[in-house]
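See below for the structure under consideration.
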Amino acid sequence: MHPSIRRRLFLQLSVVAAILSLAFFLVLRSVAERAAEGTQDDILAASATAIADSLRSENAAVTLDLPYSALSMLGTVSEDRVFYRVAVDGRTLTGYNDLPDPPRLGRPGEAAFHTHDYRGEEVRMVAVTRRVGSLNNTAQAVITVAQTRQGLAAISQRITATATAVGTGFFLLATALSLFAAGSALRPIDRLTGAVTRRGPKDLRPVTAKAPTELVPLVDALNSFMARLRASLLRTEDFIAEAAHRVRTPLATVRAQAEVTHRKLNKPEHKQAIREMIRAIDESSRSAGQMLDHAMVTFRTDSLAREDVELRQLVTETCDRLSPTAGLKDIALQRDLPPDDLHMKADKILLQAALLNILDNAIKYSPEDSDITVSLTREDALTLSVADQGRGFADMDLDRLMNRYERGANVHDVVGSGLGLTIAQDVARAHGGTLSIATNDGGSGACVSLILPL
Amino acid sequence: MRFLLIEDNLKLAHAVVERLQLDGHAVDHAETLDAANACLDVADYDLILLDIMLPDGDGRDFLDRQRRAARRTPVIVITARSAVSDRVGLLDLGADDFITKPFDFSELEARCRAVLRRQGGAADNRKTYQGATLDSTAGALLFGGRNIALRNRELRLLEIFFAAPGQVFSKSHLMDRLFSLSDEASENAIEVYVGRLRKRLEGSGARIETVRGLGYRMVAV
């Protein structure tokens, strides 16, 4: 399985957020530290300059009246220790003798900064050079002021903590936003998936769910695929109908000739052979008819027509249609219909197919000289029942009988394909109802009922 | 009965014609709609058997024209299309019934009979023998002011005897006529039906006689 887009999108957005947060953290820390360092440098320079300004030259001797403020201003920043040294021409005038000379000196009047280890601690040093004395008797004074950096380290620590907190917060916020963004970017896909998933297995109508521009080609491709599938199914149905048509005319010829021959033959074994032939023809014709009906039912179930159907008339028409066939076996089709019209919204052709197949089964499996009763009742639901006086379903698994091509165990002597009840059940389901099959009270005869919700 | 069969498949048509003639029907065959119209101009038929796909037109158009011209001769359509949806349109166009290929001739006969009964019957559908009248259309036996309703097989069996009184019919011939060829039936069944007919005919001038070793025939009492 390929990694999910949601996960990938979320991970990518999170990595970007992490990089941005880290960069933000680094920039914030370096700017703040540089600012803090700059402040120390400025104060060191100011302090050194103030000392330099206090240098006096009298009679070729340089004196210094160290201003207190020059050193106290350093204390305003932190509690760090301060060292200084004033050297004139290399001699220490005042201050710490061992404070090292700066590695290089700036031009007179300019401050030169550097960092150095002194007495086991890192110190920031500034050196200011000043010429003192009269015109022909000048000396070079170097004023060095140094300060340890513990205060700066504390500031830097505080800055780092703040930058870390801000960076982490930024990262968490960005991550949450990217989770939301990934979700909302994928929501149209979820919607589309839902629209396709909720469909029935045979629903091939085009998808009409609104899709963002990027998904339009996918939806178009899906719709065109479904249109092709639908066309292909239609072609298959046409093909089945056409094939059945092509086969039926020659079969009719064979059957008619077989009947003529049967009439003319005298030997019982010859007659029996022709009889077998006719049974085989009838079987293939019946199977083809039921398969066609089954395909038709499957196809119509997709786009179920919901027209107004009057059930009493439908039962009457169907019984009239099958009465001559039933009459051949002296079977009477009794009708037990309510006095008033019974209307429902349904697919008339499907209901007809269901009733025809149930009745056809009943006639096939009924003994000569018997009654088949078609009844129509309306209580909580509409029940259309066909009860016969045939062999019933004995002890068979009633659920299995409704499977495709499944026939009862006691019917090997009757022509059939086993699709009749499947067709009736598919029709019942398509209308939100059920097909119930049972053996009549008293154990003789079967009762098949189509139960449809009102 | 007199049939007009409109069917372009010659082999099928010949077999159907021969089969219907075996049962004593008169059949004219037309291969095209033109030929059918020519037949209808010169003769009256009890029933038209119509195929749908014909070389010079659609059988449904023919049906439609017949009905528009108020010609009420019953039409049974012989169709190769079995789907329920195909059948509905045929009845709406004015066909009286239809039968799907390949068909059982006893079923075709039963349908013809049902259609004729609905229409009120063809003229020559009553046969009388020794004062007993068999009304095939109504499915009734009439004699001495009595009107006895017959079940389907009783009627068909009586029709055979009434068509040729005095002629001996073998059990197996009667079996062939009475039972669909795809049903299993024993020759005993014929004895049951003959027994019933004898009861029906009690009190009339006709009776059914057993001819030992040969079969049955209808004779005067």
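Just so you know, glycine gets a Cβ as well, placed from its N, Cα and C.
Here the domain 'Response regulatory' (B:2-116) returns a mean pLDDT of 88 for the predicted model. Residues or ranges marked as domain 'Response regulatory' in TrEMBL: B:2-116.
Annotated 4-aspartylphosphate per TrEMBL: B:ASP51, in sequence order. Sequence-distant contacts of B:ASP51 (4-aspartylphosphate), defined by Cβ-Cβ distance under 8 angstroms and a gap of at least six in the same chain, are B:ILE6, B:GLU7, B:ASP8, B:ASN9, B:GLY59, B:VAL77, B:ILE78, B:THR79. Secondary structure from DSSP puts B:ASP51 (4-aspartylphosphate) in a beta strand.
DSSP places the residues of the domain 'OmpR/PhoB-type' (B:124-220) in helix, strand and coil in these numbers: 34 helix, 29 strand, 34 coil. Residues annotated as domain 'OmpR/PhoB-type' in TrEMBL: B:124-220.
The DNA-binding region annotation in TrEMBL covers B:124-220.
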- the domain 'Response regulatory' (B:2-116), counted residue by residue under DSSP: helix, strand, coil: 54 helix, 28 strand, 33 coil
